[in-house]
């Protein structure tokens, strides 16, 4: 980028060619080599593929070839890849002799060529057949490996004892093992038939060939094992379908990663037992540190970036038909959830816009269909919620609401078995049960004793017992029959007894099983009929709708060869014997590794594991278990999977099992053991972190030499929004005065920070505002105060402006605590608000009336009188702790601490254990070396004890506050003052160095008993306190915070200080494993609320270097010295350098020393270590001094031109350092704060809002059913809307137009953004004087008398022409009505009507269009470039701009232009018209294809009246994409042009005739003018216009992609009549602006102008005065293709108006003709007001109109005036009155006005304006963005 910027700066100088000469010299030689080595003509789509493969091809070859891509790859393989591998004498096999001679000439190591004729086609390739095998140690096999099996390769090595290394080229598509469709169809295609793969290179069928289907198996093996030989197989390179394979002997097979011995064919697999978790962790850690242990052999291949779609429910789909491009999937996923309304046809329309792109040619139609079908799942959303601040009870309720089914499932076994186990535990009832014996002298039941003794005589169930003697029974019968038994008493008699539980259950054998079944039925019902749990829904949503990137990869396997097979089909003769005649036996087939398994979903059962080849030995997998069950297999194999993996999950497919061969042993053979069980995966000790974030803040040395982009403004970050983001308080008509805090306008004794919101003084009585719907705050206050809600609302309207009571926030969210403060002021009360984050006070602090209100943040947020039932849980909300609240309230010099909240940090056992282990082993810290202690355990013993405690410790949470900021911002001082307050007395300080500890002690001056609180980081671990402050946290080992939390059980609050930009800790021991932990910078980044981006230390010059706010009054300096100044402070790069300087008498420390501040300037030594400095250390070195910096030493290292240290070089040359580029992973994410916090807002808002999208559930359920649409679909058809997303916040009236009627292919082109442009603050100009013009003297010409002789009698057919033997029809007269003269007035000028004149467009093509000679794009010539540059300089001269200045791009303004452009495109045509033109968004319509059609018009002007046949104006119909993409660019340019345009240059775009007249009166003078109207202006603009337009866009930093699109379109336009050259097309975006700018640039190139007034409108122009011509004009005129029509006159005509210093007047000659035409064709009623308005512009000038118009046109002016006086109503003739309009009539008109434009509003008198504003329901009616968009003007941007 630095070189590019330098070259761009030299564009306009003569040094550019000399500067670019080295670039050209460096390009010439590679380009020559490329054209010489790769001369073939390549398709343009192939060049990116070749470059990505590392093949240096220029793409400029011209030699044709049937398959040039393969030829280029083959050439690179032979003459680049193999050329470098032939280091010893080598042999080449299977190569044409001519090709071998070229190869040997390039590298003499290629010494031997061996060819074998194996097929009939080999006769043409090889002149002879070799009789020997390779004799060299290195052999190259050219494009033949796919025809050989591993057994044959083993025989080749056996027959060639000297052969050690075999390099092979293999041509096979890697994706052929799972599909028969190519992933690169533009490079190759293939077809699988049986066991044959038919390969077709680049659709060249003559060059196609067949190869075995088993050939891809060469890409899946890592070694070939035979009883006598072991060969390794390695893939060196891959270039699409071409692979370089290395086969070499002498290397053993790769050992297994498992602890088990490898399984041999004669050894059954040993059973494995699952290890415990500790053993698994131990094994994982051992594997982690044993670097020499081999890893799992994986191989991957480059394929298009794609994702794998999930399987359809209960349906199987091939993997190939579920692969879609990742970019398309992500874009469609976002699109279906971003549109306001989603129709069922919208996904198909979006897919259609992508499916025809050439880069997506590999995607199958089935895949596109599956993608659009899957995308209708847009209504599905993850059912998640984020309740961070809920109470424990609320969280518990939410937890049970989400997981109650899991708990019910866990309790089901107990509930179902408990009734069945009840008979086993038949205990008596735990409490006695009452039993009634008698009542009112009647026996109800007998006593228990008698009941047991006499069962046969008493009622009730018999209880078996021992029978009594017979005489006792007889005695009982006798007494009972004679009524001699005692009579029961009257009162009830009750007996208590404990019965068995089973006796209480009726029919327990039936009831208990039924009860068990009943208890299990809810779980069964929920499992089969209810939806999935929230966790299952969440997991399945992300699993299926967020698929990971698909990768073509698999695990390499070993291939076992039991017996070598002959390499050749015919055996070669022995060296001393004749060649054998008998052929060798046929070798067995090379069994392919099975095809990849298809992924099994939850809806389909798992598939059986495919049977593998009997010769493949798989290494055991230890990282991922196979998802399939093991099964018996007829081979000696280890379990593995050769399946290709997509992201993390395997995708199995069940292929057909290959047929057995005679070499395969039978399945029952004892040598075929079954597959081993799968090995469980090993746990990962160190989790994988984000790869995009480095583990260290140290950048590579190369990064230090980068020149970053421009430094952004230090105020680039927007300030926080105000408390009223939706209300235009400043424009509220019900208030007066400035915006001030509430406590200033209404003084009272408020609670702190409760009345800080802004408001204004109300000056009108209460308005009748509607009662708010979300009024829970009013309800609570009403119940507490006793006042009705209507009284409260009325009282608020008496003190607050209407804009604060009725706005989108109140209507959508509810009332805020600002309203509560106003109520407290009105009723002199105070409110205590209880919220989850704390207790807040509002209102009058001295009031005796105190109300209590509770606030719940929701959703929805709500004010209530009673709190929700909630319990307190420790650490549930860290901000609610006592210490955190005190820290939030602490102020020092009126400033709060720079943080907004505390975070709950949970300690990590892994981090703490890593650090304590390194400390115990002496790798980090020095305490482990201290083995002696005067009393108690030694420090080493304490570390050992702490290490053992960490082993059994559990994670715990503490509150954490992070104070971060730039060097010298003052992080430490406020914390020191905080610790001196009483709530923070129990603290301790942990510092990284002794010097820093001494500084803390010096600043805080502790007493003797508190000195222990200040310690270094190691000794601090052995102390305890409630509060821990860690200074310079990033200079401490990783995991120190976690270890400190676990080492101190009394710790409750941690405050960490540090700057993430100043680097972090690096251990000096090479054995320390602390660096394996993730960086603390990125771990603590989420805890940084505010980054203090200011400095009190560094001087102003250093601060400007970094773009930091400086509070140091010293200007400072950066200088270079030749030697060290005496008594100076010196910073060095290394410790040994510092020691050397100290020995020489200088004060020296290393650069990495932090928290060091020098009052005087210090030096920075530049030496050989400077290039190794990290940006962090460079930042520290530059920010140590309050005065300045000296550089000494090797100053070349910090030179501006060729310095190797970027930061030092920028400092020395007084440049700027872009911290975002220096620290790209840190600085952009820091929440920068530019001033201290001086107020904290405690503002709450209540209300509810439904933000979930509305889903058409009926349509969603019927997607699988046939769809019946009406025969004619109306534009408002909404039955196919699937999802509707609501508006969360915003105006009730959506400023965006409906897009439901747009075609599905056009809807993705609309961004549908919300406009955010503020209201315009422009004011209309008021004339100082209001002169009344003198009434003109009207001549006595009547309209009818002049019209009767205006059109002479003539034959219209004589004006027609013949085109292709067909007469034109521009002067139709048959059946045309007329009354003014002898013929129809329409014959005054030709009529262009394509519907009735088929010759109109063909006859106009020659004059209106210019064509290219061929279909090749137009090439910008050097002449075009020079002329375009000159025109751009002239245009900049006209605007007073610097041609070399480049303005930064403003994305916010550009998005506003997108909104305006979209609005204009949707509102300029009816919905029916847009639907009818749906083909404009057809994806099959090329962007460069333009449809030309004729414009229908009856153009009447001076040139066309009484003229003959004229060519029509052509319009260009472009693709909707062009209009919607380049339209905002032109509107963006218009904004800057309108701001920069000088007042003496007038553009008529968007101006009214009255404004034209006013401008002429202000700027024009004299009586000499130059008018010009070009001939064929659009067709005369060639390539120079394209250059001019591109330079205009580059000046505004328009994205290059849009500039290139514009240039490509202008040079490649193609129409139905042929390709067009560069020309202006009416209908392209920005036609008027570009034409006007081109015209202005030509005028400033033609004349030497100095403030001359100029009027420009497209090709029309008027120049005031007679300026001298430019000296360069004669040369430039020859280069231009324009045809001028220059006229020097005193009455210039501009856009149909005569202009003069007295104003402008409509040309009465053309207006008279138009009135004649509309009178004859009866269209006067429709056009009269328009013509009257045009005429009134000149008429209102009074008698000056005679000076404006030429004298010969005054009769027509009189006739037109006569016509309007006799044909207009009195109300219409007011426009012709020179007197002002009566105010009463204006006020009557205002009462009927619904909306007014800015132009209309500016003409109204003051009283009418006030009335219109008072009646307006909009905050700013006349300048509202919606009104401006309706006018299609950029009025808000005019200022």
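The backbone N, Cα and C atoms fix where each Cβ goes, and this holds for glycine too.
Within 10 Å of the C-beta atom of residue 776 (active site, for protease activity) sit 21 other C-beta atoms, taking all shown protein chains into account. DSSP gives residue 776 (active site, for protease activity) a helix state. As annotated by Swiss-Prot, active site, for protease activity applies to 776 (among others).
The feature active site, for protease activity is assigned by Swiss-Prot to 862 (among others). Under DSSP, residue 862 (active site, for protease activity) is assigned to a strand (E or B) in the three-state scheme.
The annotation ATP binding site is assigned in Swiss-Prot to 965, 966, 967, 968, 969, 970, 971, 972 on the grounds of similarity to another entry. Within the same chain, the residues at least 6 positions away from residue 971 (ATP binding site) whose Cβ sits under 8 Å from its Cβ are 898, 963, 964, 965, 1057, 1058, 1059, 1092, listed in sequence order.
Here Swiss-Prot flags 600-614 as compositional bias 'Low complexity'.
Mean pLDDT of the predicted structure over the domain 'Alphavirus-like MT' (58-219): 91. The domain 'Alphavirus-like MT' annotation in Swiss-Prot covers 58-219.
Annotated domain 'Peptidase C21' per Swiss-Prot: 723-877, in sequence order, evidence recorded as sequence analysis.
The feature domain '(+)RNA virus helicase ATP-binding' is assigned by Swiss-Prot to 935-1092.
Annotation source Swiss-Prot lists domain 'RdRp catalytic' at 1567-1673, citing sequence analysis.
Within 8 Å of the Cβ centroid of the ATP site, not counting the listed residues 965, 966, 967, 968, 969, 970, 971, 972, the chain contributes 1059, 1092, 1095, 1096, 1097. Per-class residue totals from DSSP over the domain 'RdRp catalytic' (1567-1673), listed helix then strand then coil: 45 helix, 23 strand, 39 coil. With respect to Cβ neighbours within 10 Å, the binding-site residues 965, 968, 970 differ, and 970 shows the lowest count. For residue 776 (active site, for protease activity), the nearest neighbour among the recorded positions 862, 966, 967, 970, 972, judged by Cα separation, is 862. In the three-state DSSP scheme, residue 972 (ATP binding site) is classed as helix.
The number of other CB atoms found within 10 A of the CB of residue 966 (ATP binding site), across every protein chain shown, is 26.
Distance from the CA of residue 862 (active site, for protease activity) to the CA of residue 968 (ATP binding site) is 44 Å.
Around the Cβ of residue 967 (ATP binding site), the number of neighbouring Cβ atoms within 10 Å comes to 22. Each residue contributes its Cα atom, and for residue 970 (ATP binding site) and residue 862 (active site, for protease activity) those atoms are 40 Å apart. Straight-line distance linking the Cα atoms of residue 862 (active site, for protease activity) and residue 972 (ATP binding site), rounded to a whole number, equals 40 Å. Sequence-distant neighbours of residue 969 (ATP binding site) (same chain, six or more apart, CB under 8 Å from its CB) are 1092, 1093, 1094, 1095, 1096, listed in sequence order. DSSP assigns residue 967 (ATP binding site) to coil, not to a helix or a strand.
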